[in-house]
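Please find one structure pasted underneath; my questions will follow.
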């Protein structure tokens, strides 16, 4: 059974990483010196795992799924802590608070009276309210609800930004509404200083850099102030120089469609931009032969970044030289050979370890590739070797049937015990 693995996240120590896949399972792996192995499987979701995040104190794991639930797990024991329900169309993303909760000791908030009485919903924000301006036939304002596609949290405070198919909202309480994209907003990111937001639409190939001027927290409260209420933006239109048509990147789950799409050699670009001026610093043509789904910067060296593509290759680049310094081909090595399917597996997600010593990538065939990023033996012209570990790792009860109650908690049908306690 080859299930695509859509998301991956390291814990705060860098010794463990967690994957979420199309088989509704979360798997926790240990990454050690020269080896890696499966530690446990977390079962409970009834839909595809879309996103993963780890709490700042490394005690908890939060996961979002197509079943509409956000589940919180104990990272050390794998036990379920809470189930957050209410999303009707599936939960796309999840993000944990980046600071201590109410300035208590790490993990202490789990034992207060709020958890004893159940999880408390603090607030709910609705995109596309019918009270918006410009009412009229055919306008977005007539829709009762609009899909929220992506979320990013400000690194300085409690503000966060949400992107949908109507506009960008900056919210703690709603602070700003940024409009300009004509298509669905699919990606968002804050600058490390918290004063700029990058938004992107994969449908129209447009990237916008918003200068919102958020300052540090004012006084002793939690309120952030704006240096300048005039929001400015830089618009970057991404086009394919080898084609008269604008480039149309695909969502990460469209791996098969991306592979089947026509692509000329050299048509896949990598571009590095200045986030203040919007100037393109370097462009690398022919980086991949198919769509590039993974772009990850090195956590320690700003000149190094890694890319992974649907064409089944991962490459490490030095942008100061504009060249590839490492390349690895992801061959399908498990399962019976099928002449109708390609011999390589496209990458879907990836991450450097926190110290930058390893690269972990997931693909559409259920494989996980772990590469040593500092070993001298893997420099070109070699194609690169993965760390040694068992080829197939799973537990016998990973796919045993589960029975759910009306609150979303489950037990294993065979043993009658919760999945994390089942033998």
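Quick reminder: no glycine exception, Cβ is built from N, Cα and C everywhere.
Just so it is clear, the model here is predicted, and its values are computed rather than measured.
Annotation source TrEMBL lists region 'Disordered' at 242-265. As annotated by TrEMBL, repeat 'WD' applies to 42-83, 178-212, 301-327.
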Taking only the residues in the repeat 'WD' (301-327), give me the average pLDDT of this model.
92
With DSSP, how much of the repeat 'WD' (178-212) is helix, how much strand and how much coil, in residues?
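Taking each residue of the repeat 'WD' (178-212) in turn, the totals are 0 helix, 17 strand, 18 coil.
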Taking DSSP states H, G and I as helix and E and B as strand, how many residues of the repeat 'WD' (301-327) are helix, strand and coil?
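So the counts come to 0 helix, 17 strand, 10 coil.
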